[in-house]
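Visitor: What follows is a structure written as structure tokens; I'll ask about it next.
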Amino acid sequence: MAADISWDEIKKENVDLEKIPVDEVFQQLKCSREGLSSEEGRNRLQIFGANKLEEKVENKFLKFLGFMWNPLSWVMEAAAIMAIVLANGGGRPPDWQDFVGITCLLIINSTISFIEENNAGNAAAALMANLAPKTKVLRDGRWGEQEAAILVPGDLISIKLGDIVPADARLLEGDPLKIDQSALTGESLPATKHQGDEVFSGSTCKQGEIEAVVIATGVHTFFGKAAHLVDSTNNVGHFQKVLTAIGNFCICSIGIGMLIEIIIMYPIQHRKYRDGIDNLLVLLIGGIPIAMPTVLSVTMAIGSHRLSQQGAITKRMTAIEEMAGMDVLCSDKTGTLTLNKLTVDKNLIEVFSKDVDKDYVILLSARASRVENQDAIDTSIVNMLGDPKEARAGITEVHFLPFNPVEKRTAITYIDTNGEWHRCSKGAPEQIIELCDLKGETKRRAHEIIDKFAERGLRSLGVARQRVPEKDKESAGTPWEFVGLLPLFDPPRHDSAETIRRALDLGVNVKMITGDQLAIGKETGRRLGMGTNMYPSSSLLENKDDTTGGVPVDELIEKADGFAGVFPEHKYEIVRKLQERKHIVGMTGDGVNDAPALKKADIGIAVDDATDAARSASDIVLTEPGLSVIVSAVLTSRAIFQRMKNYTIYAVSITIRIVLGFMLVALIWEFDFSPFMVLIIAILNDGTIMTISKDRVKPSPIPDSWKLKEIFATGVVLGTYMALVTVVFFWLAHDTTFFSDKFGVRSLQGKDEELIAVLYLQVSIISQALIFVTRSRSWSFVERPGLLLLIAFFVAQLIATLIATYAHWEFARIKGCGWGWCGVIWIYSIVTYIPLDILKFITRYTLSGKAWNNMIENRTAFTTKKDYGRGEREAQWALAQRTLHGLKPPESMFEDTATYTELSEIAEQAKKRAEVARLREVHTLKGHVESVVKLKGLDIDNLNQHYTV
């Protein structure tokens, strides 16, 4: 049969599968309601192709050349052109050695970038393949879950809540669907689709469940045709903007240095043309951090792979830097903070109908549950039966209403053995109570039981029933009868409390966002040690009543430990308000209605087993359950970010150091350094610095982000110091006999070739050693670097020392200085290295604002969304609050003598901030009352409460 069908036969010009009756669709596609066979599906797959959009085939060679097309590479390419075009005078041939060296350096950097990005891309593709959209398809007469890519016209598929429609299809018999087509049509509200209507690939099912027949796949779908007509736009991310800013700073620094050299060398000093060009080449070659794009890209690629090994797949690479800066995490309760393994305590079941016992309440709730594709609630209830088959024993299912976030209940219409029609429903107790229109004493009793369950951390599930005398699934039936309440217990994960404590210590405030009752949220928060300062979702409305103590909504959201009774639209509002308060927000989600909040959040996190819609909207997809995966990802992200920040400070420092140092030597002593030797320094530096992507680092104990002020200021200070150290060294070697007198080495006065050798080695050693200073938060000799970085450093400096000792290259104007001078240079470098750490501390201390507190209160270097500079004020406030409420002061995070280091200082501040977060509950009106009650031993039941309950 498959051989008799082709795309030409079913093209819209020949037949409009979107408009013709559904029965004719089956005829045109030569299929039936029994679905296709596996063999027929494979044959049609050969004819119609895979159900996915065409992927652009990227030219590998052009991609390789693309790594040479950026501002930093342009400067190096300009230097290469200068070496053979402008450096052609004074009776000397073009500088072919520098041209070849620069070209090799460019090719090496591009090759490394190309290989690493290609490997990272392949790894990401393999990981994302595991997350490829799947669909329920009827093949060989059996329903099964398959990858959406295998769908062909004629397949029968099942679409349910949370699914992304995998292909264009026509709906068969069933209840209407609510379909979100905003990604395709721009419609803001979901469209209602009935039997016979078409649904488009890429739209999202918001409500309902139905079967459909596929009419178009891949590039032939509505979405595929639209995507084929437009090219995707590449938005410039924050990371790229930072990269550009640092690159521009380095280029401007080099430009200023070259301009000063040109003005002084030619009009004032009347230097030879070729000598001047050589000096300009020194600044160009040595000052450009040509390896920066490569190092940062490789670091992120390797980091992304490590995150995936921990169970967090990054869909967007720059989400790593945002994860490092996250300071608020809004977490789901069910499945993330808890196990999502519900149990029903039969002894606590409450029965409301006179002719019903507890077993019958369980049976009714099991009938209103799915027997396949079950969620956690359905599984727990059906498993209460002796045999799960009892859920459908003796009845004929007529219609099943699946759960949806709006109605928050399921229902089944069925026929019993006597031919009578019945309907039963289970769901959120508030919805079932409203459905049954309970009043008076019955309603009061139901709420008392719900509250009693909630106080013990138990969720409630309402069960109701009705008769359907009209024997029609669409009829309203008799009034609903409230049958009973079931208690559900979802135990917290064993590691949740410890994970939340770790998050607080890392400066990440965890807020519980749950759809359960407020009392359940509070009880769970109490068990997890995350605080009970929680509010109902109604408090998110812009009205200041007694429930919030008149606190503005945005401040309430910031200070709350969580919110209960939350709907998806509330999640979006919570994220928006927190972002307005300058927080970097992470949001977890799993359902289709979580997608807006996941997109709005700085870091959208799709939890394990999330729907396709949630995964599509997220930045990070978890492959393991629980909050610990997220906290581990935060630590890893901060480590990755720390490596990138360490390198950028190093790159800026080296630019300033090369430009200022060699400019002063060239202008003060009219000494012409060899461009080729600067090229050797650059090559050895780049080879060493590549290993920083796998360096050992201590993640920041607080949320971190790009602080350009700190990067530029630290780079300028360290670079200027190293430049002055080089100038002093050159003065001592060129104009004095200091080294000869103190160390017994021969004088180098008038020996320019040997001066180039000693100057080369001095610049090489301290330039590469700088990475140990920028990579550490405390003393560089305290924080052990990675073995790979150490090996690379010593190998590079061994090569540099051998060159300085033995090299006799006339084209580079260098002659070996001997082992004596090499020993002197190493001693000088070690002595002048020590102040680098001190300068680093002074710069950070100055930028932190502590040195200026008398002039500007709490000036900080933090330029992220959140004002972390208020740490000291909050610490003082926290101490005062503890004293007021009779609490002991918090213990210090570190009790050793190394409190001088910035690491321990910042870690201590992080601990204080965590303490502040816990004390916020005491600071609120509600928290204050609870605190006084606990302190004075009052009976809270006898108090007149005027705060959120």
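Here the Cβ of each residue, glycine as well, is placed from N, Cα and C on the backbone.
What Swiss-Prot records for Asp590, Asp594 is Mg(2+) binding site, and it gives similarity to another entry as the kind of evidence. Sequence annotations record features per position, and here Swiss-Prot assigns phosphothreonine to Thr883, Thr948 based on similarity to another entry. Residues annotated as phosphoserine in Swiss-Prot: Ser931. Annotated topological domain 'Cytoplasmic' per Swiss-Prot: 1-64, 118-246, 295-645, 696-711, 775-786, 837-949, in sequence order. Taken from Swiss-Prot, the feature topological domain 'Extracellular' applies to 85-96, 268-276, 668-672, 733-753, 808-815. As annotated by Swiss-Prot, transmembrane segment applies to 65-84, 97-117, 247-267, 277-294, 646-667, 673-695, 712-732, 754-774, 787-807, 816-836, with the evidence given as sequence analysis.
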Visitor: Please give the average pLDDT for the topological domain 'Cytoplasmic' (1-64) in this predicted model.
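Guide: Residues in the topological domain 'Cytoplasmic' (1-64) carry a mean pLDDT of 77 in this prediction.
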Visitor: Using a Cβ cut-off of under 8 Å, list the residues of the same chain at least 6 residues beyond the transmembrane segment (816-836) that approach it.
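Guide: Distant Cβ neighbours of the transmembrane segment (816-836) are 718, 721-722, 725, 729, 739, 743-746, 748, 754, 757-758, 761-762, 765-766, 769-770, 773, 780, 801, 804-808.
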Visitor: By the count of other Cβ atoms within 10 Å, pick out the sparsest of the binding-site residues Asp590, Asp594.
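Guide: Sparsest of the binding-site residues Asp590, Asp594 by Cβ contacts within 10 Å: Asp590.
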Visitor: Summarise the topological domain 'Extracellular' (668-672) as counts of helix, strand and coil residues per DSSP.
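Guide: Split by secondary structure, the topological domain 'Extracellular' (668-672) comes out as 1 helix, 0 strand, 4 coil.
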Visitor: If we skip the immediate neighbours and take only residues 6+ beyond the ends of the transmembrane segment (646-667), which ones have a Cβ under 8 Å from one of its Cβ atoms?
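Guide: Contacts with the transmembrane segment (646-667): 242, 246, 249-250, 253-254, 256-257, 260-261, 264-265, 269, 279, 282-283, 286-289, 292, 295-296, 299, 673, 678, 685, 689, 692, 695, 697, 710-712, 714-716, 718-720, 722-724, 726-727, 730, 759, 763, 767, 770-771, 774-775.
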Visitor: Could you tell me whether the transmembrane segment (65-84) and the transmembrane segment (97-117) have 3+ CB pairs under 8 A, leaving out pairs under 6 positions apart?
Guide: yes
Visitor: Which three-state DSSP class does Asp594 (Mg(2+) binding site) fall into?
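Guide: Assignment for Asp594 (Mg(2+) binding site) reads helix.
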Visitor: Test of understanding: applying the rule of at least three C-beta pairs under 8 Å (pairs 6 or more apart in sequence), is the transmembrane segment (247-267) touching the transmembrane segment (673-695)?
Guide: no
Visitor: For the transmembrane segment (247-267), find every same-chain residue at least 6 residues outside the stretch whose CB is under 8 Å from a CB in it, and list them.
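Guide: Those are 70-72, 75, 275-276, 279-280, 283-284, 287-289, 292, 651-652, 655-656, 659-660, 663, 666-667, 712, in sequence order.
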Visitor: Per the definition of 3+ C-beta pairs under 8 A with sequence separation of 6 or more, do the transmembrane segment (712-732) and the transmembrane segment (754-774) touch?
Guide: yes
Visitor: On the DSSP side of things, how many residues of the topological domain 'Cytoplasmic' (775-786) fall into helix, strand and coil, could you say?
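Guide: Secondary-structure composition of the topological domain 'Cytoplasmic' (775-786): 0 helix, 0 strand, 12 coil.
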